[in-house]
Amino acid sequence: MESATLRINNISGHLTTSGVRGGGQCPFSQKSTAPLACPEKAWSVINTSPHAKPNPIRVLVTGAAGQIAYSLVFMIASGQMFGPYQPVVLHLLDIPKMQEVLNGVVMELNDGAFPLLAGTVATTDVKTAFMGIQVCLMVGAFPRGPGMQRSDLLKMNANIFKEQGAALAKYAARGVKVLVVGNPANTNAYIACLAAKADLPSTNFSALTRLDQNRAVSMIAERVGVPVAKVKNVSIWGNHSLTQVPDVTNAVIQDFPEKGLTTPVLTAVNDNKWLEESFIPQVQNRGAAVIAARKLSSAASAANAIVGHMRDWVLGTKDGETVSMAVVSDGSYNIPKGLVFSFPVQCRAGEWSIVQGLKITPFIQLKLDATTKELQSEIDALPK
Ligand SMILES: NC(=O)c1ccc[n+]([C@@H]2O[C@H](COP(=O)([O-])OP(=O)(O)OC[C@H]3O[C@@H](n4cnc5c(N)ncnc54)[C@H](O)[C@@H]3O)[C@@H](O)[C@H]2O)c1
């Protein structure tokens, strides 16, 4: 790849091009020996103690010259993703024609003088970008152009995510946590996971539906007239697309109608017609509504959702709370194994698990069937 640049600022270590594959020891994946503030919950490479001298964690953002990244990288550098005691080295990847813009992003990161930013590696070279990374935020994707067929989009992105999945397998730390954001996010994650299958477990891969969850929570909070923080366990099932399934069957509102009481969202809203005919389509179409208003797609809210997704994965979800992550199905809720499907999950010590035994109403089941069908058709449309 042409015009690759490697920039390392303020890092005492070096990037190496060996020693991260197979049984090799990744120089950046040592487990912290520092005492953790909540050792039963946080991923052990994340430092949560103010008294330790932690190793920086290497975090790759692809599509780093794009608009989501322009919010995201500053949130990471300021400690919002990994907490106030965990330094980061940001790896930033974009395509060669965006090199100049990428340089500008690095200039602004430097000008931010973030105490937690231990260095940046801005590059257009895939190998350099993926070397030794422990967290991978795959934001970069080929956008759908005017007149472009969905099958063409799938094909363009299949090539990108196949290459980057292979790079993960080859160069990233074995425990790398991958979050795919670039659309079609679930299917791109499926492709990257498949490309890395021989070297990385499928549990390392996920796709973003947290923005859909946040949108749904916000709409419920507004409808009931409570702060968003009081709305718990709203779920998004399935594909990050128009067939996604926002579901409040198991959601509750804390301290409602008065402090100390917890009320099901279904009871608090008390309007099934609104939930089925207004709430669900509004969540499904929120992205389009933002584009219509802003003339640009959601960016800051997407960055915030990415931070929330990864923060909960590495630091753990709160007791009794669920979040939505698209992960590789293990057959739970009769979703075909292998599909990257959004489920309600809980996270502890850097591992997610699908919440079992939730009630699925016949109305929601029909929608689960439709989103499953769509995901299967996306996979069927991929180049063989
Ligand atoms: N899952 C979600 O909830 C969600 C939400 C919002 C946006 N998205 C998706 O996220 C993606 C990024 O959105 P954006 O607004 O930042 O777009 P953007 O067009 O502003 O930025 C995308 C960046 O990716 C880069 N890129 C393209 N191919 C690349 C490659 N092979 N390697 C590295 N970088 C590459 C582009 O050059 C560009 O800088 C889009 O696909 C968008 O649809 C998903």
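Glycine is no exception: its Cβ is also placed from the backbone N, Cα and C atoms.
Taken from TrEMBL as is:
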ACT_SITE  HIS240  active site, proton acceptor
BINDING   ASP94, ASN157, VAL181, GLY182, ASN183  NAD(+) binding site
BINDING   ARG144, ARG150, ASN183, ARG215  substrate binding site
DOMAIN    58-196  domain 'Lactate/malate dehydrogenase N-terminal'
DOMAIN    209-380  domain 'Lactate/malate dehydrogenase C-terminal'
Do you know the DSSP helix, strand and coil residue counts for the domain 'Lactate/malate dehydrogenase N-terminal' (58-196)? 65 helix, 26 strand, 48 coil
Measuring C-alpha to C-alpha, could you say which of the recorded positions ARG150, ARG215, HIS240 are within 10 Å of ASN183 (NAD(+) binding site)? HIS240
How many Å separate the two farthest-apart Cα atoms among the NAD(+)-binding residues ASP94, ASN157, VAL181, GLY182, ASN183? 16
Over the span of the domain 'Lactate/malate dehydrogenase N-terminal' (58-196), how high is the average pLDDT in this prediction? 96
Those binding-site residues among ASP94, ARG144, ARG150, GLY182, ASN183, ARG215 lining ligand 1, judged by a Cβ under 6 Å from any of its atoms, are ASP94, GLY182, ASN183
Quick one: of the binding-site residues ARG144, ARG150, ARG215, which has its CA closest to the CA of GLY182 (NAD(+) binding site)? ARG144
Reduce the DSSP letter at the residue listed as 'active site, proton acceptor' to three states and note it down. coil
